């Protein structure tokens with residue numbers, strides 16, 4: 001049984017609360033200074049991990065008490081995760097770092113169903129959390145008192161004074177039919193199963209980025225970890241699991257052409273991916289994170305509906321140094337296009353000022369896809385087989401840390417995971433144990449109906465094009481994916 005660590009944060013506010021200060025995210029006009037004080041409650045004799053699997057923080061925001069639940073993001077790395085950089089003479093150096101005890105977490109605020117959190121606990125607490133619809137950031141203050149942290153609203157960060165930033169993908173709605181609003185949280189179980197995809201992602205930092213960060217490979221890696229930690233959370237409502245399978249730093253020079261033209265840079269990166277990266281690293285999609293400032297206020301570029309294509313399952317995104325959430329938003333946007341999702345129309349909404357697939361990049365980035373994006377994903381993406389490379393779920397043993405019941409991800413030793421007991425809506429799953437309820441055979445899967453295995457011969461995935469029907473076996477809740485042509 002995973003022990004939950006209880007950590008209490010005591011808040012103390014300096015007299016200069018409300019004054020301006022330069023923090024990692026930029027110039028902040030209003031902030032609170034807090035002192036996290038850790039109080040552990042591990043059982044006697046328990047082994048103390050460097051970074052616990054589950055943590056709980058209690059603190060106050062604007063004078064109101066909140067409880068922040070954090071769980072280690074076990075979807076961040078895969079077992080065959082590797083990192084590659086290059087010696088000054090261009091020699092490839094690949095390592096397989098131990099990532100079991102990493103320090104990147106997802107979380108939620110107790111009694112706030114719409115809350116989210118993405119936190120790095122590597123050196124203090126750094127990241128963001130959404131509380132009562134507002135985005136807050138937290139980060140350590142660089143003071144002699146190392147325990148001091150700043151908490152502030154995203155809206156209090158001074159915005160860049162420049163022309164509106166744009167996505168490089170041209171609007172191309174395939175249908176002029178009215179968009180039917182769709183909920184991201186109330187899909188029937190069989191539809192949730194049909195939507196599941198698994199993106200094994202490689203992120204490449206170009207030589208310009210390497211130079212900007214003074215050749216600090218450790219810092220660059222940490223930045224990419226933070227970005228992908230946010231990215232995995234963004235895609236969860238679409239039932240897409242993003243796992244970082246590789247990280248590459250072009251430390252000796254650019255390995256594909258990087259220019260002011262986003263189109264030329266994208267094309268060159270796609271060619272490099274097809275001819276070089278695909279031959280030495282198994283993955284589904286690659287993103288180039290670059291220090292180049294593209295012409296025309298372009299922030300990113302990708303190919304529309306080309307996921308799984310050897311040359312075109314790629315994207316490029318401009319780095320913004322300390323604005324991790326902004327970069328994660330852009331990477332999610334380009335991934336969305338590569339999956340086939342269009343820009344949002346004016347009528348689309350996600351409960352925020354802007355959504356992931358907005359054509360214009362907001363200075364206050366969203367972490368949510370709109371109802372239109374989900375509707376298009378439901379209506380189009382699941383009906384085509386060009387994303388077949390995303391069907392192969394990484395082995396549950398690939399995510400190399402012990403299971404935690406209640407994190408929505410079914411891990412080794414679990415039959416199901418419908419989240420915390422207060423949030424679980426699956427009558428076939430016992431949220432307290434992550435086992436099927438008494439009398440149930442299953443709790444999830446395309447071949448599971450009302451907690452029972454569907455009969456042998458039942459079609460669980462209808463043939464499209466030249467593909468055959470997939471058929472239930474009667475012995476399992478999983479829908480076999482034969483993956484062959486008829």
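Backbone N, Cα and C define each Cβ position, glycine as well.
Now, the feature entries from Swiss-Prot:
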SIGNAL    1-20  signal peptide
DOMAIN    197-394  domain 'Peptidase M12B'
DISULFID  308-389  disulfide bond
BINDING   333, 337, 343  Zn(2+) binding site
DISULFID  348-372  disulfide bond
DISULFID  350-355  disulfide bond
DOMAIN    402-486  domain 'Disintegrin'
DISULFID  405-424  disulfide bond
DISULFID  416-434  disulfide bond
DISULFID  418-429  disulfide bond
DISULFID  428-451  disulfide bond
DISULFID  442-448  disulfide bond
DISULFID  447-472  disulfide bond
DISULFID  460-479  disulfide bond
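Residue 447 (disulfide bond) has 337 as its nearest neighbour among the binding-site residues 333, 337, 343, going by CA to CA distance. Secondary structure at residue 333 (Zn(2+) binding site), taken from DSSP and collapsed to helix, strand or coil, is helix. Considering only the disulfide-bonded residues 424, 428, 448, 451, the residue whose Cα is spatially closest to the Cα of residue 348 (disulfide bond) is 424. Here residue 333 (Zn(2+) binding site) is positioned 14 angstrom away from residue 350 (disulfide bond), judged by their C-alpha atoms. The 10 Å shell around the Cβ of residue 333 (Zn(2+) binding site) contains 29 further Cβ atoms across the protein chains shown.
Residue 451 (disulfide bond) and residue 442 (disulfide bond) have their C-alpha atoms 5 Å apart, to the nearest angstrom. Around the Cβ of residue 405 (disulfide bond), 24 further Cβ atoms fall within 10 Å across all displayed protein chains.
In the three-state DSSP classification, residue 460 (disulfide bond) falls within a strand. Cβ packing within 10 Å was compared across the disulfide-bonded residues 348, 416, 424, and the lowest neighbour count falls to 424. Under DSSP, residue 448 (disulfide bond) is assigned to a strand (E or B) in the three-state scheme. Of all the disulfide-bonded residues listed here (308, 442, 448, 479), it is 308 whose C-beta has the fewest other C-beta atoms within 10 angstroms.
The Cβ of residue 429 (disulfide bond) lies under 8 Å from the Cβ of 415, 416, 417, 418, 435, 436, 437, 443, 444, each of these being in the same chain and 6 or more residues away along the sequence.
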